[in-house]
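Novice: Could you have a look at this structure, given as structure tokens, before my questions?
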Amino acid sequence: MANKVKSDKDYSQYFQPPSLTDAKKRGKEDIAVHYDFQIPEGMKEFGADKYYLIRTFGCQMNEHDTEVMKGLFEQMGYQATEDKFQADVILLNTCAIRENAEDKVFGELGHLKALKAEKPNLVLGVCGCMSQEEAVVNRIMQKHAFVDLIFGTHNIHRLPELLKDAYFNKEMVVEVWSKEGDIVENLPKKREGIRAWVNIMYGCDKFCTYCIVPYTRGKERSRRPQDVLAEVRDLARQGFQEITLLGQNVNAYGKDFEDISYSFGDLMDDIRKIDVPRIRFTTSHPRDFDDHLIEVLAKSGNLVEHIHLPVQSGSTEILKKMSRKYTREHYLELVAKIKRAIPHVCLTTDIIVGFPGETDEQFEETLSLVREVKFELAFTFIYSPREGTPATDMEDNVPMEVKKQRLYRLNELINELSKQGNEKLQGEIVEVLVEGESKNNAEVLSGRTRTNKLILFTGSKDLIGKLVYVKVTHAQTWVLKGDIVDAPVKNISIPS
Ligand code: 5AD
Ligand code: SF4
């Protein structure tokens, strides 16, 4: 049952703050897979004439969770709206990865306070990774008591019941499980467009010392291969053109199976045979990236030549303090192996600068690794302390000004490499999945290459959702431009 709590109570009984020792003890208890999910009787018509709005923050995992919640709302008869004045329910699906992600959510809550005062019947909920943090929940209780509902990342399938409780109770409804739940298979999902996400696993057991994810998302749990394959086949039948397999650390897929031996490489080898033009995956961890996977990716076909391989730092010392469990040399060897097997591969990465104690020399090692690998894109961040993670206890003697300067220098280098990578494509013919009209000019179409680069070109609108070939005429830092060339247009179906 959800806990219905008054805002002046002590809520600590409902949460356990992220604890490294407790979390690391996890692992042995079995995770059950459920195939019998149903919207509870009595909730199937609950949303008739009502509207929902979900604001999503953070990563693709959150985007996909939002698709599940949209599916649940629609099975209850709700309709979608983007207008907060029309909405009967507003959910904030939150991200906890860095402090500024959390600040955005608190800012949004500040704006919604006035709306809630105007529309007292509005149900306002907070879900996602921030709801898994005790400090955040306490802050909402104390400073944002107008929130009606808080639920965690393991409680999404409970949305119908929680919503009902929120409607019929004046008090805040809170349901956050500090331990991960089971896998619930047949939840509805509302997907839009031509690209789809498919979860292959949940949680993370890597415990990098800066990262909150193993606490907010729980332990690694892999979906059964037959369930993943059935979902991908179904999406292929519906006409989706591109599928991205999701997991916090997809390379650990299958490690938790006790009855079968089936790895991420095996899964990719099976998915490769399904008739979908493009398969991507994110995000991978260098430690578990094995030779079998590289061999399978080298078979190409619908497996695109783009690998997002977060390195985080180029210094072995810092990697050790981050508990990444590989060295600079190991990462570079892996990259060399990948490049040998997949010659046109595009590598992208995530990097943190200003980790506690990072010296100028260690930062220079990051720059030199970036230059050596020639990443074509990187998501770069200043280290942000996360309560309850081991890195918060490390001495951080790097001034913020220095961290900002490092980030600036790193971004300049990445921009330069991105431009060089794009320039290599000048004059080449690339396969493009046409996504829609360009943001700034409706006469121009935009699409993505197999390596996920943005490309603009002129063409008829009925090419949207199809694969075409484009000759690259201009290469800029963030975008390519080109002309469609005569070649057979592949795939004609757009998912309804
Ligand atoms: N501070 C800064 N960046 C972080 N990331 C994860 N945790 C933190 C943190 N505490 C970055 C990592 C990760 C990406 C998703 O976010 O680079 O790969
Ligand atoms: Fe966080 Fe990724 Fe490390 Fe897991 S592998 S702890 S999600 S950075």
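One is the number of the first residue shown, and numbering goes on along the chain from there.
Yeah, the Cβs are placed from backbone N, Cα and C, and that goes for glycine too.
Values in this document were obtained by computation on a predicted structure and should not be read as measured data.
Pasting the feature list from TrEMBL:
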- 1-11: compositional bias 'Basic and acidic residues' (COMPBIAS)
- 1-22: region 'Disordered' (REGION)
- 50-168: domain 'MTTase N-terminal' (DOMAIN)
- C59, C95, C129: [4Fe-4S] cluster 1 binding site (BINDING)
- 190-420: domain 'Radical SAM core' (DOMAIN)
- C204, C208, C211: [4Fe-4S] cluster 2 binding site (BINDING)
- 423-486: domain 'TRAM' (DOMAIN)
Novice: Given a separation of at least six residues and a C-beta threshold under 8 Å, show me what packs close to C59 ([4Fe-4S] cluster 1 binding site) in the same chain.
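Specialist: In sequence order, the residues whose Cβ lies under 8 Å from that of C59 ([4Fe-4S] cluster 1 binding site) (at least 6 apart) are C95, I97.
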Novice: Beyond the listed site residues C204, C208, C211, identify every same-chain residue whose Cβ lies within 8 Å of the center of their Cβ atoms for the [4Fe-4S] cluster 2 site.
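Specialist: Counting only non-site residues, the set is K206, F207, Y210, I212, V213, P214, Q248, N249.
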Novice: If you skip the near sequence neighbours and keep only those at least six away, which residues in the chain come within under 8 angstroms of C208 ([4Fe-4S] cluster 2 binding site), Cβ to Cβ?
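Specialist: Set apart from C208 ([4Fe-4S] cluster 2 binding site) by at least 6 residues yet with Cβ under 8 Å, we have Q312, M322, S323, R324.
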Novice: Given the binding-site residues C59, C95, C129, C204, C208, C211, return the subset with CB under 6 A from an atom of ligand 2, ordered by sequence, or none if empty.
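Specialist: Checking each Cβ against ligand 2, the ones under 6 Å are C204, C208, C211.
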Novice: Pick from C129, C211: which of these binding-site residues has the biggest number of other Cβ atoms within 10 Å of its Cβ?
Specialist: C129
Novice: Tally every other Cβ atom lying within 10 Å of the Cβ atom of C204 ([4Fe-4S] cluster 2 binding site).
Specialist: 21
Novice: How big is the Cα-to-Cα gap, in Å, between C211 ([4Fe-4S] cluster 2 binding site) and C129 ([4Fe-4S] cluster 1 binding site)?
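Specialist: The Cα atom of C211 ([4Fe-4S] cluster 2 binding site) is 12 Å away from the Cα atom of C129 ([4Fe-4S] cluster 1 binding site).
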Novice: Running a distance check here. Ligand 1 versus the binding-site residues C95, C129, C204, C208, C211: which have CB less than 6 Å from one of its atoms?
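Specialist: C211, in sequence order.
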Novice: Report the residues of the chain - excluding C59, C95, C129 - with C-beta within 8 Å of the mean position of the site's C-beta atoms, for the recorded [4Fe-4S] cluster 1 site, in sequence order.
Specialist: F57, G58, M61, N62, T94, A96, I97, A101, G128, T216
Novice: With DSSP assignments reduced to helix, strand and coil, which class does C95 ([4Fe-4S] cluster 1 binding site) get?
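Specialist: Its secondary structure by DSSP: coil.
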Novice: Whole-number Å only: compute the distance from the Cα of C204 ([4Fe-4S] cluster 2 binding site) to the Cα of C129 ([4Fe-4S] cluster 1 binding site).
Specialist: 13
